[in-house]
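> If you scroll down you'll find the structure; I have some questions about it.
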């Protein structure tokens, strides 16, 4: 699929254009220069031409900042990946030396380049784009990413440069079997380092400074014939410690990434131990009924002390009692030690998360479960009776059990039923739901 990269100086409106083209708000947009620090990807279609669009961080030519050096490297990687380049400049600030440097860089790429001058809000303002012809350009597209002016003309011409290929819808791509994996955790726990190790390339900026990753960034990878979409998310802090508006937005986007995911890898720090914030994140994953793997990073810095590792594991098992189905893996994202176990575990967890059980097998398991431990009394009324059960959904596996007094089922007996169903159907690594309903009667009132 053709890849289009949006490039330009900071705060010229690249993310706004990205959102306009992709018709969503998947990239952070804020008035602060340098908001988008990693590349962000979206699969879109325009004029029935499917393509991938990349939103890159702002290009800064001369800057000694370590972050800017990392960002420049990311932009160069994006240029390597792209088939078509979309240059964006800012009409309000005018022609800038950084525009000239970037335009020279793009010309050397030998790839098709479309030059857009943003923040032109109508035909009467087209004259503000004229000075950019000093860059030696043959064609300039005056646009307003915020208001939509000129976007259709730009995108029609850009899509005409995309080679004809069999159209593939988003639904078809999704049905191709890709497992969507969010990597979630507190700031600086090693999420980006883990993603980069899995990819084998510096796809995400890595820095010891907490908060380096602000956006949730998608990366595609194929291992052993299985496609994965890795979502590296911004670190989540407690709300009280999140002071910048931008960081608050990133937290929301990280939690939204959970909604998009099949499996969530909750990354903990072996050195810092289990924190209240880890517990908070785990609770959110549980609440959303997502499949989960608990990954303990930096284990090589902790496993030299057996007493310390035992305390860590004891604390983990005690505080994560509600997440007992989640496999626990220990590794070092930095060195790669034991990281190879992660994706096979993701694949197995996802298999269970999607597992279906026939109604006959479900009811045989229910009969055996009831025979082993009869239902308790339903308060002062008759004994609780179960009539039949069926699976109604996957992601997670969901079972509806029909009985006479669904509201009277004690949580301890529900836990017993849940554990027996896990054992009977091989669902030890996925959340499952049990829903209790009164038996439906036909031919009269219930």
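Positions of Cβ are set from backbone N, Cα and C atoms, glycine also.
Remember, it's a predicted structure, so these values are computed and weren't measured experimentally.
What Swiss-Prot shows for this protein is this:
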BINDING   8-15, 55-59, 118-121  GTP 1 binding site
BINDING   185-192, 232-236, 297-300  GTP 2 binding site
DOMAIN    2-166  domain 'EngA-type G 1'
DOMAIN    179-354  domain 'EngA-type G 2'
DOMAIN    355-440  domain 'KH-like'
> Find the one among the binding-site residues 185, 191, 299 whose C-alpha lies closest to that of residue 59 (GTP 1 binding site).
191
> Would you list the DSSP helix, strand and coil counts for the residues of the domain 'KH-like' (355-440)?
32 helix, 22 strand, 32 coil
> What count of other C-beta atoms do you get within 10 angstroms of the C-beta of residue 188 (GTP 2 binding site), across all chains shown?
18
> If you count the other Cβ atoms within 10 Å of each Cβ, which of the binding-site residues 11, 56 comes out on top?
56
> If you run the three-state DSSP split on residue 14 (GTP 1 binding site), which class comes out?
helix
> I'm trying to understand the geometry here, so how far is the Cα atom of residue 191 (GTP 2 binding site) from the Cα atom of residue 56 (GTP 1 binding site), in Å to the nearest whole number?
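That separation, Cα to Cα, works out to 20 Å.
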> For residue 188 (GTP 2 binding site), find which of the binding-site residues 8, 11, 14, 56, 120 come within 10 Å, Cα to Cα.
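Qualifying among 8, 11, 14, 56, 120: none.
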> Tell me the coarse DSSP state (helix, strand, coil) of residue 8 (GTP 1 binding site).
strand
> Return the member of 8, 11, 14, 56, 120 nearest to residue 299 (GTP 2 binding site) in space, with distance defined Cα to Cα and candidates limited to these binding-site residues.
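So, spelling it out, the nearest of the binding-site residues is 56.
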> Going by DSSP, give the three-state secondary structure for residue 185 (GTP 2 binding site).
strand
